[in-house]
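S.K.: One structure is given below, represented as structure tokens, and several questions about it will come after.
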């Protein structure tokens, strides 16, 4: 098959009348022509590096980070003799470790990507040729080749279905790896090739013309023209239902499909985006403190330079300044980034392994600390707050209302029996209602190998309607793309009704309705429609509109989701005239959808009202308790939903988004600027109102009152946006981040929530019945809404608290040794040499101190049950009190005090050689770090005790085993350790005593809480 991949002009071809004389650029496949070997293959390449590009690219990415570049600059200075202040290993070593660890992580991740790519590319498929079936690797498939795919096999490329093993040409696929939706989807083969055998498929001549590749997986159109079938030229329009995108899975049966897009042009590859890099608020705060440290280092080097010997010339001054700068460069610890990265990994693993929130997955390990700083949580409703498990509850037929109570069910049975038995000429509303439920849908009954029947549908609402109809005796016996067979069981009446499907118009989020044209046993043509009330009421006579508004509002107030059902009867002539135009529209290339939609709207005129359904979507377990906890923790919860205002209000009340003492301020269809301004002023003046706003009003508010609206909304305890589009959800999220300046999280379960999740600071996806699309796009995925209790109040709070303490310990470690070095230079005539030997400097931030410092990530101030019992504990963490300029200055003061005490006391007490001073000071520094880790923590755990003992052992063994290499021979004796202990007590004990005094005078929130819990325990006992 010859593949013409360049754009072609159809003007003047046989397709000219079908495309309204427009020149269009399309793709073209000429059937059964030789395929050029130069054409692109189907090889998938998700890797970032090759063998040749790995080293240069990784180094390029690593040194894009300012501090890596900074440390590289410091390292380079040590190769300049005039600037060399110590052993080169002191600078090359730590930087090499940091870069090598990052390179190893990148290499490991990319090796996995290469392995996955090879596994996919080497998967064998069979292609159909003139010689028969031949094996071919997935990566070598080319456009124009016919591929055989069997049950449960991955679709290797974008295929146009030529034939299936189903007699009607149906094929069911799973697309959860493409769009996250778990329900099976129906696809159909091309009609003109469905009944061809292998020889015919490989010998026919013709052309397939279709659109250029693009990202939209919901749009496809084209034409197939076969030159001669039974002596005639045949054409058929093709659309989305005739294609299967790569990475889908064939659920049942076998298909033959021709490759239309492959490799990088396949929909899967075109929709692959680099994961959005989110920088958590913790990392932003650490960056600020690191830059402050950098500023202190520069100023300190300037001060030392000014106090040193009088300047000779500019070159000498710059040389000395650079030497002093290098000597105090420990102020910025190179190990900070590595320690925090490892901490994030530990937090992520702990979240993933928490059995109490089983199924929770950390998909972005860069931002676990942000879980402890959330101020706003934007939540979807259906499937997130609710179960998305629909139960039919009630329906209305004009002035008659029915529930699922036994009395009403018996009444329904009797009415149906009477209408079937006595009404031959005119069916009643009840029969029309259940007939509409039974036939107006896209539900496919599927029987498994054991004969058990299940229903496949893209919406759980449809399954609820089908099941209710079955309970009333309307059973779907079978359904394919040609007919629906319904068995009706009404007492002794057993009826089989066969409906020929003439046309079917699927539901979409744009039109909010679906319809189907059927011909029944009596050759009568019926058009059934169901959809959202806001749309259907516009298509019905005016006399029904107020009733529909009133009844849907009544049903929504009790939390039910509603659909309106309608119907019309068509004569054969009416239908034939309409269908001729519709067939022409389906064969267009340009403006096909617009023309088809106009004709559908034409068919929808003069509909008759049938009834309204009410389906319940129950709240998930512990939703109200979870929301109460989140609000007590200082998190404002907003609901953003596409559902009706009344339903949203009902769920808001049931879930606890609105308290009994609060009032609703409702903005519905507000498009007047004056009215909008007055409502917003009222909101700003009263902070105890819950704002409810629909999509129309939201559009107006964001258009002309963006700042005022967001200010007023943030003043509310909660906001409910209903009839909200996916785009509006994203916009609200972005604006809330912009105007609040706080951490905004979003939680949702459907594809329409992806934009909101990706726009938020912390995206949380719920794996639900709408599939995994939201979960796959999120930073954290959960199975239930109530998992947020543990995820935020426990894991989020601890992650932020631990990382805050860890980062400040690391900064303190750098500031402490820089203080000692600065004092040394001031006291020893501004010598621009390091106080410590090379190995001691290298070990200071690595083997001697890293274990105790890193064990900070296991610190706990309260037990899990206490953190969940008292959500206000989250507030002190949420407000960022643990890591800011104030806390940095406190730790800076600690470092300066301890460094001064250690250096001065060592000089005064050790009046001997310089080597003993070096060893004494360094040992005091190390032991001060150990003491600080033991006493600055909120709880003393076994990991910290063991890590301190191990580190002490490592340090002492190093001094004893390598005295000559470390230049400490003849300095280690009993008096030495006595002086060390004395100096340690002088540097550490005053800070410890001061800390205890401050705790008693001004205890922290958790300390007050622990006292309260202890008193309650004593009183209980």
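From the backbone N, Cα and C atoms, a Cβ is placed for every residue, glycine too.
Okay, these came from TrEMBL:
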ACT_SITE  380  active site, 4-aspartylphosphate intermediate
BINDING   380, 381, 382, 462, 507, 530, 561, 641, 642, 643, 723, 729, 752, 753  ATP binding site
BINDING   380, 382, 749, 753  Mg(2+) binding site
COILED    575-606  coiled coil
DOMAIN    37-84  domain 'P-type ATPase N-terminal'
DOMAIN    775-998  domain 'P-type ATPase C-terminal'
TRANSMEM  49-67  transmembrane segment
TRANSMEM  87-108  transmembrane segment
TRANSMEM  292-309  transmembrane segment
TRANSMEM  321-340  transmembrane segment
TRANSMEM  810-830  transmembrane segment
TRANSMEM  836-858  transmembrane segment
TRANSMEM  888-909  transmembrane segment
TRANSMEM  940-962  transmembrane segment
TRANSMEM  974-994  transmembrane segment
S.K.: By a Cβ-Cβ criterion of under 8 Å, what residues six or more beyond either terminus of the transmembrane segment (940-962) are in contact with it?
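M.R.: Hits for the transmembrane segment (940-962): 839, 843, 847-849, 851-852, 854-856, 858-860, 919, 923, 926-927, 930, 933-934, 968, 972.
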S.K.: For residue 753 (Mg(2+) binding site), which of the recorded positions 380, 382, 507, 642, 723 has the nearest Cα in space?
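M.R.: Of all the candidates listed, 380 is nearest in space.
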S.K.: How about long-range neighbours of the transmembrane segment (836-858): same chain, 6 or more residues beyond its ends, C-beta under 8 Å?
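M.R.: Tertiary neighbours of the transmembrane segment (836-858) are 86-87, 89-90, 93-94, 97, 330, 333-335, 339, 342-343, 346-347, 802-803, 805-806, 809-810, 813-814, 817, 918, 921-922, 925-926, 929-930, 933-934, 937, 941, 943-944, 947-948, 950-951, 954-955, 958, 962, 965-967.
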S.K.: Using Cα coordinates, what distance in whole Å links residue 382 (ATP binding site) and residue 749 (Mg(2+) binding site)?
M.R.: 8
S.K.: Taking DSSP as the reference, which of helix, strand or coil describes residue 561 (ATP binding site)?
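M.R.: Its secondary structure by DSSP: strand.
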S.K.: Cβ under 8 Å, sequence separation of at least 6 from the ends of the transmembrane segment (888-909): give me the contacting residues as numbers and ranges.
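M.R.: Here the qualifying positions are 289, 292, 296, 808, 811-812, 815-820, 822-824, 827, 917, 920-921, 924-925, 928, 979, 982-983, 986-988, 990-991.
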S.K.: Is the transmembrane segment (292-309) packed against any residues at least 6 beyond its ends, judged by a Cβ distance under 8 Å, and which are they?
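M.R.: Hits for the transmembrane segment (292-309): 70, 317, 320-321, 324-325, 328-329, 331-332, 811, 814-815, 818, 822, 825-826, 830, 885, 888, 892.
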S.K.: Using the residues the record lists for ATP (380, 381, 382, 462, 507, 530, 561, 641, 642, 643, 723, 729, 752, 753), what whole-number Å value is the largest Cα to Cα distance?
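M.R.: Between the most distant Cα atoms of the ATP site, 26 Å.
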S.K.: For the domain 'P-type ATPase N-terminal' (37-84), give the DSSP counts of helix residues, strand residues and coil residues.
M.R.: 24 helix, 0 strand, 24 coil
S.K.: Between the Cα atoms of residue 749 (Mg(2+) binding site) and residue 723 (ATP binding site), what distance do you get, rounded to the nearest Å?
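M.R.: Distance (Cα to Cα, whole Å): 17 Å.
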S.K.: Please report the distance from the Cα of residue 507 (ATP binding site) to the Cα of residue 380 (active site, 4-aspartylphosphate intermediate), rounded to the nearest angstrom.
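M.R.: With the alpha carbons as reference points, the distance is 21 Å.
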S.K.: Measuring Cα to Cα, how many angstrom lie between residue 380 (active site, 4-aspartylphosphate intermediate) and residue 642 (ATP binding site)?
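M.R.: Rounded to a whole number, the Cα-Cα distance is 9 Å.
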